[in-house]
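Participant: To start, I am sharing the structure in question, which I have written as C-alpha cells.
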Amino acid sequence: MGITRVLDLINETVGRIVAVIAVVFAAIIIYDVIMRYVFNDPTRWAFDVTKQMFGFYFVMLGGYALKHRSHVSVDLVTETLTPGVLRIVEAAGYIIFFFPFAWVFFTRSWEFATRSLAQAETTYGAVQLPVYPLKISMCVAAGLLLIQGVSEFIKILFGYREPAQ
Amino acid sequence: MNPELIAVVMFGLLLLGLFMGHPLAFVLGGTAVLTTFIAGKPMVLGIVINRIFGDVLDNFTLIAIPLFVLMARFLSDSGVTDRMFESLRLLMSNIRGGLALAVVFISILLAATTGIIGASITVMGVMALRPMLQYGYAQTLTTGVIAASGCLGILIPPSIMLILMASYSPLSVGELFAGSMVPGVLLGLSYAVYVYLVSVFRPDLAPAVEPDEKISRGALMRMLAFEAVPPLVLILGILGSLLAGIATATEASAIGAFLALLIVIMRGKFHWSTFYSAMLETARTSAMILFIVVGATAFTGVFNITGGLRATQEIIRSLDMAPWLLITMMMVIVFILGAFLDWTGIVLLSFPIFLPIVQEMEISMLWFVVLMAVVLQTSFLTPPFGYALFYLRAIAPKEVRTGQIIRGVLPFIALIVLMCLLVAAIPSLVTWLPARLYTQG
Amino acid sequence: QDTWTMTTTWPSSLELIEGDKHFVDLANKLTQGELSIEFFEGGALVPAGEVFGAVESGSIQAGADWPGYWAGRDPAFSPLATTASLFNAVDYVNWILEWGGADIYNEIYGKFGMVYLPYMVTNNESGFRTNEPIRNLDDLQGKRLRLSGLEQGKLLERLGGNQVSMAGGEIYQSLERGVIDGAEFSTPNVDWSGGFQQVTKYWATPGWHQSASIFGVMINKQSWDALSPETQEKLQIAADATLMWSLAFTEKRASEAYKQFDEAVEINRYDDETLAKVQEMANEVIVETACESPSSAKVYLSMLEYLEDYKGWREASAPFNLGRSPNGPDIEAVRACVDG
Ligand code: NA
Ligand code: NA
C-alpha cells in the first residue's frame, strides 16, 4: 500500500537519525564529568542540555518503535487465537486504546506547546535555556506516533502485517 | 459515577487491553483517556500531558536507561559478553548452575550501579539470556533468575524507588539506602542459594559442563583474563566512580557506555555497522521502556484524580485490628496492589495512610518502609502487571513463551515473601547499618 | 456547591505542605455549603514543575506553589517569591497587605489567567550546608553549590561560586557522594527533615540568597469568577489568617531545628564585611535583572518604594522596629527600567 509505505518511511527516517543522539548526550555527560574532575571547570549548561536531549530522543522514537513492533505486549491469550480472530482483536486494540490515547497526546500537547511558545518559556536558573522547543517536539512526536498507528492499523485491516519477530 | 466503580473500570480496561495483546504502553495510556470520559471529567485530560512532560521528558534520572542499554548492546553485539559468560561457565564448571550463579552475582554488582527498574533487567537480559539458553538452561530458570535478579537494582541502593519513598516519608535518602542494603544483598544471596539447590536436584534444568568441554587450568586463566576480567572491571569501575563521588548514577551510566565501547575497540571488534545497529537497537528498547513509563504516569494520574486514590485509601483506613495484624494486612495489601499497579502508584496511595498509623504504633518507621520496599520487589514479578515480565518479554526470543516467563518467576516471588518474613522477624537486619552510619539525627 | 481540585508543589514529607493544609482546612470550614476543596499532595496529580500549567489550562482549579518556580515564564515571579538580601517576612506581609503587593501578584498571575492568594511567609532561609567551612567570600571561591533561582544564581556567580541546578530529591545523595560541595534547600526545620545534618558538617548563616519567601495558591480565573463575592471573600479571609499563622509557626519550627542543628554541625556566621559585600553585589544583580525585564522591574520598583516609604518610621522606632531598612539597590536605576 502506498500510504503505509510513506508513513513507514517517515518514521524509519526519523528513527535512524534520532537514534544517534544517545551517543551525543553520553558524550556531553562524560565531557562534563571530565571538565569537573580533571580541569575543575564544570560546564554550566550540560545538565539542562542533556536532560532536554534525552526527552527529545526517546519521545521522537515512539513511532519508530511502533513500526518495528518493539512496544511490548502480552501474548498469553492472543497466541491461542486463529489468524482471522487475531486480526479483529488487534484492530479493536487500536480503536479502543491506541487512537484515543494518541489523539489526546497529539492535540493536548499541541495546546501545551503553543502556550509555552507564546510565553517564550525558559528554565529558571542563572542559565536560561528555552523550554518550548522540547515541548514542541513532544507534539511532533505525538503526531509521528499517531501516523504510525494509522499505518499499522491499515496493515492489520488489509492483512499486510508480518508477524512480530 | 462513584470512585470505587471508576477504579474497578480502570483495572478492567487494563486487563482487557493486556489480554487483547495490545502494547502495554498504549493500554495504559488509552485506559487513562477513556476513564476521564467514563468518569465525566474530560477536562482533567490536561494532567496527562503535564505528567508525561514533567515525569518522563524532563527527568534527569531516566537518562540512565538508554545509556545502560547502549552499554549492554555494545558488549553483547560484539560478542564480548558471550565470551565472558562462556569463560565464567568454565570457571565454575565444578559448581552446579555456574552460569545462573554468575547472573545473580553480576546482577548484585549491577544493582549497586543503577536504580531504575528497566535498566538492570534489560542489561542482564541482553547479555545473559542468549548464553544461558544456548548452554541448555531451562527457559523457566533462565527467565526467572534474570527477571528476579534484575529487580534487585531497585532494592539495593542507589534506587529511584527509595528516593521517592524518602520524599514521601520523614526518612532521609541516606537512612533508606543504608537500611535496604542488607535485606537487598541477602535477597540476592538467597537467589544464589536457590539456583544452586535447583541445579543440584534438577540437573535437567541447569546442565553441568560436560567433561570433554573442560579446558586446562592455564587456558582457563588466560581466557578469564581476556574475556571475563575486562567487562567485570567495567562494572566495578562504574560502581567505583559512583562510590568515590566522581559521578552520580546518571553520569556513571554514561561512563559505563563509554568504557564498554573502549573494550569493544580494544578487542578489535569495532565495526561501524555494529556500532550503528547497536544505536538502533538501543533506540527501540529505550523507546519501549520509556513509553511504558509514559503510559503508567498517565494511568496513575487519572486513577488519582478520578477518585481511585481516595477510594483505596478509605478501604485501608477502615481496617481496625491489632498492630501486628494490621502490619501484616498492610503488606498483604501492598502485595495485592503490586499485581495491578506500578510501584509509584502504590507508594503514593499507601504512604499517606500507612505512615501516620505506623508513627502512632511507635515502631521503627525505617523498618516498616524497608519491609514495604522488599514486598514491592514482588510487584515487578507478579502477573498480570509486572514490569520485569514485560521487559523480559520484549527481549526474549519468540520461542520463550510468556507462560514460561511467568512460571519462571514464581519461585523467586516465594523467596521474596520468605525474605519479608525474615526482615519482619529480625528488624536489626534493617536498622543495624543505618545506626552505625548515622549516629546522630 | 462547587468542588475544586487543588494540589501543591510539595510532597507530603516537606513541612512546607503544612501551610497548604492549614489554608485548605480553614477555607473548607468557612465556605461550607458553597465550596469544597479536595486537596492532593504534591506529585499525586502532576509533578511539581507542572502545577502552574495544570491550573492555567483549567485541568485543576487551584495549585499551591512558591512563585519562583515560574520565573522561566516571567522573571517577575522571582521577586514575588523571594529576594536576595532585601525583604524579610514582615516586609512581605506589609507590602502585600497595605503597600499594593497583592495587586501586583494578581497582575502578574493575571497574565496567565490566574488569581493569586499569598498565604504563607517564611523568614530567612538556612543558607549553605557544606563539608568545608564557609566564613567569608574566599571560602566561597570555585565551590559548586546547589542553589535555586535566577537572581540567586547570578549573585553566587558574581561572588565566585558556581550554581548547580538540582531537584530536591537528588541533593542528599549528591552531597553524600561529593558531586556538589554544598547546598541550600529551605528553612532549618525543612532541612533537618531532609537529613542534611547527616551528610554535611558545616552551616553558613545567614541565608543571604533568600532573605524571606512567599507561598500561596494559584486559582484559575474562570473558577474564581464563578464563585459568589461572599465565597471569594471567605477564601481571602482564610488566606490572610493563614499568612499570620505561618509567620509564627515557621519561625517557631525554625528555632527548634536551629537548636538541633547546633548540636549536630558547626554553625558559622559570615562577618559583617562579607555581608556588606554581598549586599552590594545583590543590589547590582537586582538592578541588572530588573533592567532585563520590564515586569520584573515593576515588581522591584514597588518593593523599593515600600522600603523607602516605610524607612522613616521604621528607623525612628528603633530599637523597637520590625526588621532593618536595607542599604538596597538604586531605586532610580530600577525606575528607569520599568518602561524599558
Ligand atoms: Na540499585
Ligand atoms: Na505485579
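Note: Cβ is positioned from N, Cα and C throughout, glycine not excepted.
Note that the coordinates shown come from a computational prediction; the quantities given were computed from them, not determined experimentally.
Relevant sequence annotations retrieved from TrEMBL are reproduced here:
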type	residues	note
DOMAIN	B:11-428	domain 'TRAP C4-dicarboxylate transport system permease DctM subunit'
TRANSMEM	B:31-49	transmembrane segment
TRANSMEM	B:56-76	transmembrane segment
TRANSMEM	B:96-129	transmembrane segment
TRANSMEM	B:141-164	transmembrane segment
TRANSMEM	B:176-198	transmembrane segment
TRANSMEM	B:219-239	transmembrane segment
TRANSMEM	B:245-266	transmembrane segment
TRANSMEM	B:287-309	transmembrane segment
TRANSMEM	B:321-354	transmembrane segment
TRANSMEM	B:366-392	transmembrane segment
TRANSMEM	B:412-435	transmembrane segment
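Are these features on the surface or tucked inside, and what touches them?
Facilitator: Sequence-distant neighbours of the transmembrane segment (B:31-49) (same chain, 6+ residues past either end, Cβ-Cβ under 8 Å): 1, 6, 9-10, 13-14, 17, 295, 298-299, 301-303, 305-307.
With a threshold of 8 Å between CB atoms, the same-chain residues lying at least 6 positions outside the transmembrane segment (B:96-129) that come near it are 61-62, 64-65, 68-69, 71-73, 75-76, 81, 84-85, 88-89, 135, 137, 141-143, 145-147, 149-163, 184-185, 188, 191-192, 195-196, 198-200, 203, 206, 208-209, 232, 235-236, 238-239, 242, 249, 252-253, 256, 285, 289-290, 292-293, 380, 387-388, 391-392, 395-396.
Sequence-remote contacts of a segment are chain residues at least 6 beyond its ends whose Cβ falls under 8 Å from one of its Cβ atoms, and for the transmembrane segment (B:141-164) they are 61, 100, 103-104, 107-108, 110-112, 114-117, 119-125, 128-129, 132-133, 173, 176-178, 180-181, 183-185, 187-188, 191, 195, 198, 205-206, 242, 249, 343-344, 347, 373-374, 376-377, 380-381, 388-389, 391-392, 396, 400, 404-405, 407-412, 415-416.
Tertiary neighbourhood of the transmembrane segment (B:176-198): same-chain residues 95-97, 100-101, 104-105, 107-108, 111, 141, 145, 148-149, 152, 155-159, 162, 165-166, 205-206, 366-367, 369-370, 373-374, 377, 411-412, 415-416, 418-419, 422-423, 429-434, 437-438, selected by CB-CB distance under 8 Å and a gap of 6+ residues from either end.
Among residues of the same chain six or more beyond the transmembrane segment (B:287-309), those with a C-beta under 8 A of the stretch's C-beta atoms are 2-4, 6-7, 10, 14, 24-29, 31-33, 35-36, 39, 41, 44, 47-48, 50-52, 55-56, 62, 65, 69, 118, 122, 341-342, 344-345, 348-349, 387, 390-391, 394.
If you look at the transmembrane segment (B:412-435), the same-chain residues 6 or more away from its ends with a CB under 8 A from one of its CBs are 144-145, 147-148, 174-175, 178-183, 186-187, 190-191, 194, 327, 331, 364, 366-367, 370-371, 374-375, 377-378, 381-382.
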Participant: Average the pLDDT scores across the domain 'TRAP C4-dicarboxylate transport system permease DctM subunit' (B:11-428) and report the rounded value.
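Facilitator: A mean pLDDT of 85 is what the model gives the domain 'TRAP C4-dicarboxylate transport system permease DctM subunit' (B:11-428).
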Participant: Determine which recorded stretch among B:56-76, B:219-239, B:321-354 has the most C-beta pairs below 8 angstroms with the transmembrane segment (B:245-266).
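Facilitator: Most Cβ pairs under 8 Å with the transmembrane segment (B:245-266) come from B:56-76.
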